[in-house]
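A quick write-up on the structure given underneath.
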Amino acid sequence: YSAAWVGSLSMGMVFFCSPIVSVFTDLFGCRKVAVIGAAVGFAGLLSSSFVSTIEPLYFTYGVLFACGCSFAYQPSLVILGHYFKKRLGLVNGIVTAGSSLFTVSLPFLLRVLIDSVGLFNTLRVLCILMFVLFLAGFTYKPLVSNAKDEEGGKKGKFKFPPEKKICNFSVFKVPSYRIWAIGIPAALFGYFVPYVHLMNHVKDRFGDSVPEEVLLLCLGITSGVGRLIFGRVADYIPGAKKVYLQVASFFFIGLMSMMIPLCHVFGGLIAVCLLMGLFDGCFICIMAPIAFELVGAQDVSQAIGFLLGFMSVPMTVGPPIAGLLRDRLGTYDVAFYLAGVPPLIGGAILCFIPWVHERQKLKEREKPADRETTEKMLENESTLALDTTEKPVKEMESGF
């Protein structure tokens, strides 16, 4: 239970900081935020390697390292909008598929490193990856520079932007975005439970007779494939109907979570993990394209930031609750059954988004149409009035 809090706190903090990261990204740019975030993450991971008890890890790994990763992660999604427009779904799929490669390779690398050099030295080796991320942040160069930023650079003074630009709460005026911001966190209360507790469940049921790293391998491979496939598919689905892909992903992930306790053969768990990874990739790769469709390109950065911030609560709470159920009941079965319920509920909530979004579009179209009709009516009345005044004048002129 205590160990689960370290991992869940780390995942939760990555998303909890996202609204703050979006504000800093709008103020200072992707490059500065990514570089500073990687440096903070490097410091957190390095300090975790010198900790001898679990309590300090709550801060060094669960807070410091996670916050650094959050500041380094979100600019990598925002910068894509500067370079790609039409194939944003495919690009997000390709970029996010890179994390699947490390999901596949890291478990085997970590097992070798831990067995050979120990846990603390393994964390120090992983600091090399954070340093690479630090260097990669210097390549984030926006193609289009802001005119106000150029003027501020010429004068050498930083003008603090208005409050509306810092916290853009106007995105919550969009009804479809509000539903999206409710449905996604509701689904995530059970979404990450299998990812945190699956390895312990395998040890409880099968012991050391099976290679549990194979399950992470299956999750990573199919997640990468899913991000590439569904990222491409999302580009062909018009408007807010892309949400149906997330609905399908939540449905299958919830169903697969409930199937985990029913798998008494290791091969069954492999099949479950293959499907779960495939639809996990679907959920992740279309986050940015859906946000773009719901709120537009101008507000997409903070729209993603707010959503990721809301996601932090269920991601932090869900896995520890599952660990507490394991400690009380002696098995993960009930935890996995319950973990499958929130994705089904969240998916059902998301089904309303395309309908609400279309109604909102119709209202926006009707308003300009009403204005045009009133303007035309006024023009017609003015032309009729001119015609009635001109006719007597012409008759009088013709009489003389």
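Including glycine, each Cβ sits where the backbone N, Cα and C put it.
Sequence annotations record features per position, and here TrEMBL assigns transmembrane segment to 6-24 (among others). With a cut-off of 8 Å between Cβ atoms, the residues of this chain six or more beyond the transmembrane segment (6-24) that come close are 33, 37, 54, 57-58, 61-63, 65-67, 69-71, 73-75, 78, 166-167, 192, 196, 301-302, 304-309, 311-313, 315-320.
According to TrEMBL, the transmembrane segment annotation covers 33-52 (among others).
Feature annotation from TrEMBL assigns transmembrane segment to 58-81 (among others).
Look at TrEMBL and you will find 88-110 (among others) tagged as transmembrane segment.
Proximity of distant same-chain residues to the transmembrane segment (122-140), defined by a Cβ-Cβ separation under 8 Å and at least 6 residues beyond the stretch ends, is recorded for 29-31, 34-35, 37-39, 41-42, 45-46, 48-49, 68, 72, 75-76, 79, 110, 113-114. As annotated by TrEMBL, transmembrane segment applies to 122-140 (among others).
Residues annotated as domain 'Major facilitator superfamily (MFS) profile' in TrEMBL: 125-400.
Feature annotation from TrEMBL assigns transmembrane segment to 177-194 (among others).
What TrEMBL records for 214-231 (among others) is transmembrane segment.
The annotation transmembrane segment is assigned in TrEMBL to 243-262 (among others). Within the chain carrying the transmembrane segment (243-262), a Cβ under 8 angstroms from the stretch's Cβ atoms is held by residues 180, 184, 187, 190-191, 193-194, 198, 201, 230, 233-234, 237, 268-269, 272, 275-276, 278-280, 282-283, 286, 290, 332-333, 336-337, 339-344, 346-348, 350-351, 353-354, all 6 or more beyond its ends.
Among the features that TrEMBL reports, transmembrane segment is placed at 268-292 (among others).
Here TrEMBL flags 304-322 (among others) as transmembrane segment. Residues 1, 4-5, 7-9, 11-23, 74, 77-78, 171-172, 180-181, 184-193, 196-197, 287-288, 291, 332, 335-336, 338-339, 342 of the same chain sit 6 or more residues outside the transmembrane segment (304-322) yet have a Cβ under 8 Å from a Cβ within it.
Outside the transmembrane segment (334-356) by six or more residues, the chain places 175-176, 179-180, 182-191, 193-194, 197, 201, 239-241, 243-244, 246-251, 253-258, 260-261, 294, 314, 318, 321-323, 325-326 with a CB less than 8 A from a CB of the stretch. Residues or ranges marked as transmembrane segment by TrEMBL: 334-356 (among others).
Per TrEMBL, compositional bias 'Basic and acidic residues' is recorded for 364-379 (among others).
The region 'Disordered' feature in TrEMBL is assigned to 364-400.
Sequence annotations record features per position, and here TrEMBL assigns compositional bias 'Basic and acidic residues' to 388-400 (among others).
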Recorded stretch that, among 33-52, 58-81, 177-194, 214-231, 268-292, has the most CB pairs under 8 Å to the transmembrane segment (88-110): 214-231
For the transmembrane segment (214-231), sequence-distant contacts whose Cβ falls under 8 Å of one of its Cβ atoms, 6 or more beyond its ends: 89-94, 96-97, 100-104, 107-108, 195, 198-199, 202, 245, 269-270, 273-282, 284-286
